[in-house]
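**Q** Shown below is the structure under consideration.
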Amino acid sequence: MSVDISGMPPEQVEAIAKMAFGDNLGLKLGPVLLGPIFDSILWGVMLIQFQNWWSYCRPTERTVINYLTYYIMIASSAWTFMCIAYNMHNFVFRWGLTIATILVDFGTFTTFLEMPYPTAFPAVGFAMSSAVQAFYVERTFRLNNRNIPLVILLIGCILGELTSVLIIVIKCKGVSSELQAGDLLMEIRAWQCLTLGSDAIITVSLAWGLWRAKTGWSHTDALVKKLLLITLETQLAPTLVMLGFVIEMSIFPASTMGIFFDIMIPKAYTVGYLATLNTRGDQTKSNAYHLGSGRLQQATVQVDTDTYVESYQMKASKPGVNRDQIYEEESIEHLDYANNLSKRDLNQPNHNF
């Protein structure tokens with residue numbers, strides 16, 4: 001339902017809030033409480049992933065990836081602290097949770113209608129998720145032979161997400177409570193669909209780029225298959241969370257389940273991103289590609305040689321026909337000057353010359 005409570009007295013607002021949330025506390029307030037709890041659990045998982053990345057992968061990563069990881073780590077930590085503050089605001093500082101209120105009443109419900117934190121969730125979450133999406137866009141650009149149209153499409157989707165988030169933040173200033181969430185249905189739906197479309201295109205393009213890298217060699221194809229599974233595991237998490245958010249928003253826009261999904265989306269991106277980086281480091285350490293140069297054992301090459309000796313006797317050469325009269329009478333062998341360098345009696349009549 002869409003109700004404007006801006007001009008109502010506090011008692012009437014409390015009655016409306018109690019009517020909206022008090023009929024089923026587990027369904028209405030459970031997602032608001034469980035969202036920050038699950039986010040804190042994933043923050044612990046993220047810390048372990050970051051520690052592994054810092055120890056094994058950071059020295060060999062590109063400088064841009066290192067700075068991107070630092071930014072995502074800081075943004076994810078800030079997101080968790082904001083979610084904890086949101087829980088403290090709802091259930092400690094503003095709810096009036098005491099023994100008396102538990103026994104007599106179930107606290108103050110008006111605080112769950114306030115908009116500051118739900119308004120900040122899309123903007124802060126996009127600042128984190130867009131960085132992870134940019135990382136995957138760069139990967140799919142390289143895997144698909146630097147496909148310019150694909151990159152333009154993905155960048156357009158991310159810019160569309162940014163535009164939708166800005167419109168949501170601006171329009172939320174004119175919304176008095178979460179009971180008017182239906183007034184932002186079109187903007188929220190556009191943001192959800194653009195994000196879901198970006199994730200789906202990135203997942204499919206990464207899988208296609210890896211599939212095209214198959215060469216027919218058993219070791220290479222095994223590595224490609226493993227990378228395909230890793231891509232699906234790391235990319236499906238945020239895609240499925242956003243898909244659940246879209247389905248929930250389509251069925252009941254005013255449900256608090258949307259807050260749960262909104263809180264979970266950034267950590268799904270972060271955990272998948274760090275899992276991708278750590279997996280690349282594990283692949284490098286284990287050297288799954290058997291023809292790689294990082295094997296621990298020493299390579300040995302055995303060469304077998306066979307020596308063949310061929311022996312034969314050459315026959316004496318016979319003179320040819322053109323060599324029969326090689327020593328003619330007037331050859332140098334019959335001349336006197338071959339011995340004394342002169343020839344006498346050349347002017348005598350009986351000389352044979």
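Placed from the backbone N, Cα and C atoms, the Cβ positions cover glycine too.
OK, TrEMBL features for this one:
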type	residues	note
DOMAIN	197-280	domain 'DUF6534'
TRANSMEM	29-48	transmembrane segment
TRANSMEM	68-87	transmembrane segment
TRANSMEM	93-113	transmembrane segment
TRANSMEM	120-136	transmembrane segment
TRANSMEM	148-170	transmembrane segment
TRANSMEM	191-211	transmembrane segment
TRANSMEM	236-261	transmembrane segment
**Q** Quick one: find which recorded stretch in 29-48, 68-87, 120-136, 148-170 has the most Cβ pairs under 8 Å with the transmembrane segment (236-261).
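**A** Comparing 29-48, 68-87, 120-136, 148-170 against the transmembrane segment (236-261), the winner is 29-48.
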**Q** Quick one: find which recorded stretch in 29-48, 68-87, 120-136, 148-170 has the most Cβ pairs under 8 Å with the transmembrane segment (191-211).
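**A** It is 148-170, which has the most Cβ pairs under 8 Å.
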**Q** Mean pLDDT for the domain 'DUF6534' (197-280), rounded to an integer?
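**A** Its mean pLDDT is 83.
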**Q** Using DSSP, tally how many residues of the domain 'DUF6534' (197-280) sit in helix, strand and coil.
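**A** Counts, helix then strand then coil: 74 helix, 0 strand, 10 coil.
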